[in-house]
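Participant: Just dropping this structure here.
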Amino acid sequence: MVDQVNLATEQTSLLYPEVSRKKEELSVNKWTILPALWVGGFLSALDMTIVASLYPVIGSEFKLMNNASYIVTAYLITNTAFQPLYGRLSDIFGRRPTVVFANAAFTLGTFWCGISRSLPELCMARALAGIGGGGLGTMSSIISSDIVSLRERGTWQGITNIVWGIGGSLGGPLGGLIAQRWGWRTAFHFQVPMGILSTILVAWRVRVKPTVRNSNASLLSRIDYLGSFLLVTGITALVVTFNMGGDAFPWVSPVIITLLVSSVLILFAFYWVEKNIAVEPIAPVEILSQPTPLNVCLGNFFNAFCSFVIVYELPLFFETTLLMPSSEAGVRIFPYVISTSVGSLCSGLYMKKTGRYRNLVIAGFFFMLMGIVSFAVLTSFGHRTPLILISLCLAMTGCSYGMNLTSTLIAIISSLAPEEQAVATGLSYLFRATGSVIGISLSQTTTLSILMKQLASNLKDDPDKDDLIRRLRESISIIPNLPKDIQKLVIKSYATAFTWTFALVAIIAFAGFWCSLRIKQFYLHTSVDRS
């Protein structure tokens, strides 16, 4: 039997030398192409956590602390809106020009951030960086799918996620250190050389052709202009709605209602255009009409929603309820970051060995659900919450998130034809990014709303209640210095708010688990040529 296999391999090499040569080239190229892409991915993850640690400092310098969150929002809007465009654009213009554009836009935007003279200008610079940042992760996945077999794809994705995890872990401490010694502008400028290096590497190394057939039509005429405009506009309106709702404006205000209705109508118009007008749609309706791609995209939305709630809510819980300093609160999240990378890599190795992903998907979403429920229970203990149990739950949910990142990507790729992979990858990243933005916004709004009610109830006998609530909204640093009896009531109010927030997020986690049950198992090919 072994001789027959060897003979068949030899015959293939002799009769079809171009096929053998192509496989050898791909085997060599992936060791040079993928590390070149990882530089951009590392930089993107590093940048996001750097900015998360710097925006309060930047807002204070411009004396616009109440608007400092728009530094983050501007990046998230363009990052989310442009992610699905990269799939189709890379099919039209090619992989290399598209990934070079993404790196160049990110680098130019980051440089602009360092020389911005006002907060509005800085927000515009962050928006430009977001356009590029949206393509760094998406194009890395698309190109990986072009040159790596489905059986090995999970392993390489796991390594990619480790690189992103390292970048994300270093960003906060590194950004804070640089800003403290040399100023926040240096924190942006020191990224520029790495951005230039990443741009040069992908321009030099990435030589990958799209899997779709070339068209005789003009490249520019193939772009879905109307669909692109509607998608970017609709996503922008949606993200702005969930960022401003409950903060800048009440949820029932005319501004928020108008934005929400407008985003729904625009996205419905986008759906109609993609289904009836677009010749080469950026989001083919046929893909989302299939059970596995649809449930993968929805699952990515719910999974990212839960993940970002954990990352943003638990540090606040540590600071307000357990009275930890911000530096220690950030370190307490490390089990989540580390286990995310471990879960992603281990799931990739498992899929490479067994060729199966469905059980990983189900297990990942199940443990995410159990973790969210556990957080709802543990936060109810307030200042008596056992830290060891919190750390174990962080490790469990981080591992499950990493498993889901890798296994769902393989699930959607394996369920579609090669020419649909790039667009489908962009769609999955769109749902993931949208889930993260909405998760952050809704969880923070929910926590704040419940907290205000709890404070008003628990402090009803305090004559200075209104002034204390106002001060707590401005800064949580006053909690450790409050009188013990008042401090106990404030901590109790925060604990109740976090408990209810995680209880409501558990519904989202269950929706993700339900989607995972509807994802089917497809064959994972062992070669790049899936024919």
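These residue numbers are counts, starting from 1, taken along the chain as shown.
Including glycine, each Cβ sits where the backbone N, Cα and C put it.
Keep in mind it's a predicted model, so treat the numbers as computed, not measured.
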Participant: Both K30 and S414 on the same side of the membrane in Swiss-Prot, yes or no?
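Facilitator: That holds: Swiss-Prot puts them on one side.
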Participant: Taking 100-120, 226-246, 331-351 as the choices, which stretch does Swiss-Prot tie to transmembrane segment?
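Facilitator: From Swiss-Prot, the annotated transmembrane segment range turns out to be 226-246.
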Participant: Taking 31-51, 226-246, 253-273, 298-318, 497-517 as candidates, which has the most Cβ pairs under 8 Å with the transmembrane segment (361-381)?
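Facilitator: The stretch I would name here is 497-517.
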Participant: Are the transmembrane segment (298-318) and the transmembrane segment (31-51) close, by which I mean at least 3 Cβ pairs under 8 Å that are 6+ residues apart in sequence?
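Facilitator: Contact absent: fewer than 3 Cβ pairs fall under 8 Å.
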Participant: Please give the sequence-distant neighbours of the transmembrane segment (386-406): residues at least 6 beyond its ends with Cβ less than 8 Å from one of its Cβ atoms.
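Facilitator: For the transmembrane segment (386-406), the far contacts come to 154, 157-158, 161, 299-300, 303, 306-307, 310, 314, 322, 332-333, 335-348, 351, 360-361, 363-368, 370-372, 374-375, 378.
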Participant: With an 8 Å cut-off on Cβ pairs and a sequence gap of 6 or more, do the transmembrane segment (226-246) and the transmembrane segment (31-51) reach 3 or more such pairs?
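Facilitator: No; fewer than 3 Cβ pairs under 8 Å.
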Participant: Quick check on the topological domain 'Lumenal' (274-297): DSSP residue counts for helix, strand, coil, in that order please.
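Facilitator: Split by secondary structure, the topological domain 'Lumenal' (274-297) comes out as 14 helix, 0 strand, 10 coil.
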Participant: So what pLDDT does the topological domain 'Cytoplasmic' (247-252) average out to?
Facilitator: 77
